[in-house]
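Novice: The structure is given below, and queries will be raised subsequently.
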C-alpha cells in the first residue's frame with residue numbers, strides 16, 4: 001500500500017474515500033515532484049505557444065505565384081486553387097533536408113499494376129515504358145480518348161518510386177491513363193548499346209512522346225517530370241516550343257541551374273546526406289551494364305567517383321560528346337531554355353531545396369514567358385512537400401499535380417488562346 005494513505009485494510013475502506021485520497025496523493029506528487037509547483041508545466045506550455053507562433057508566422061505561408069500572364073493566373077486561381085492556399089508543412093519536420101530524407105520512408109506506396117512495353121530507338125537501343133491503362137475508368141471508358149499523362153522520374157528513379165505511384169493514384173481517381181518513361185538501363189532491361197541518359201539529351205524523350213501520341217492520337221496528352229525528369233522535360237519543351245503533341249506540363253523540384261545545384265550538393269553536410277549516396281546510386285545503376293559500357297569507358301575510374309560532378313566528368317559528359325563538363329552543365333540547365341517554352345507549364349519548387357537552391361530559380365526569366373507559372377514554397381525540400389501531422393497518404397506536391405492535371409484536361413481550352 002502507498003505510504004501516504006491510512007494503514008487500514010482496503011476491504012474495510014469506503015471505495016469513494018480510497019479513490020479521493022489516491023487522487024489527492026497523485027495530484028500532489030505530479031504538482032510538486034514532477035513539475036516543481038507548476039513551473040515545468042508552465043515552461044512546456046510557454047514553449048508550445050512560442051513554437052506555434054513561430055510556425056504560423058515563419059513556416060506556414062502561402063506559396064509565391066510567379067506568372068506574367070494574368071489569364072494564366074486567373075485560370076490557376078479558379079481551377080488549381082491549391083497554389084494560392086497556405087501550405088502547412090508537417091509541424092515536426094518542416095526543414096528542407098529533413099523533408100527530403102523522410103519522404104521516401106513516411107509516404108505510402110499505393111499498389112499499381114503496370115503493363116510493360118519495350119520500344120526500340122533509332123540507334124539500336126531500347127526504352128522501358130510502364131503503362132497504367134486504367135481500363136476500369138468510369139469517366140473515360142473509351143480508351144481512344146482517355147486523357148494520358150506521361151511521367152518522368154528523377155535521376156535514378158523508376159516507375160516504382162513512391163512519388164510516381166502517388167501521381168498514378170491521383171490520376172486513377174480522375175479516370176486518366178499514365179505511362180512512366182524509365183530511362184535506359186534503369187528499370188531492369190538490358191542495354192543494347194553503350195549509352196544511358198542525361199538531362200540535356202532529349203532524343204529518347206522525343207521518341208517516347210511521339211510513340212505514345214501515335215498510339216492514342218485522339219487522347220488529350222500532357223506530361224509531368226520530377227527532379228531530373230523535370231529538367232529533361234523542360235529542355236525538351238525549350239527545344240520544341242509549340243511543336244509538341246503535349247498540351248501542357250507540370251514540373252516538380254527541377255534543378256534549374258546545374259552549376260548551382262552541384263555546388264550546393266558539395267557543401268559538407270549536403271555531401272554527407274545526399275551527394276555521396278546519389279553518386280553511389282548512379283554507379284550502381286551502370287555497374288550491371290559494365291560489360292557493355294567497358295567498350296567505351298574506363299569503368300574503374302568511373303567507379304572511383306565520390307561526387308555527382310566527378311561522375312558526370314568521367315562518364316555522362318563523355319558519353320554524350322561534350323568537350324568539358326562545363327559545356328554539359330550549361331546545356332543541361334533548363335533556365336537557359338525557359339524563354340522558348342511554348343505550352344502552359346506549371347513549376348513547383350521549394351526555396352529550401354538543396355538540390356535546386358532558391359537563388360538559382362529563374363524568376364525573372366519566367367516572367368518573360370506567358371506560358372510559364374512558378375509556384376515557390378518556403379519549405380518542402382526536394383520532392384518533399386510533406387503536410388499534416390502524419391503525412392503518409394498525400395503531400396502538397398500530390399495535390400498540386402492532381403488539381404493542375406485535372407484543370408488542364410477539363411478546362412485547358414480557356415488558356416490555349418493566350
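Cβ coordinates are placed from backbone N, Cα and C, and glycine is handled just like the others.
Automated prediction, rather than curation, is the source of TrEMBL annotations.
Residues or ranges marked as transmembrane segment by TrEMBL: 32-56. According to TrEMBL, the feature domain 'AB hydrolase-1' maps to 147-388. Annotation comment: TrEMBL describes 227, 353, 382 as active site, charge relay system.
Quick one: how deep are these features, and who are their neighbours?
Specialist: Neighbours of residue 227 (active site, charge relay system), defined as other CB atoms within 10 A of its CB across all chains, total 26.
Less than 8 angstroms from the CB of residue 353 (active site, charge relay system) sit 96, 100, 253, 380, 381, 382, each of them six or more residues away in the same chain.
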Novice: Over all shown protein chains, what is the count of other CB atoms within 10 A of the CB belonging to residue 382 (active site, charge relay system)?
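Specialist: Result for residue 382 (active site, charge relay system): 25 other Cβ atoms within 10 Å.
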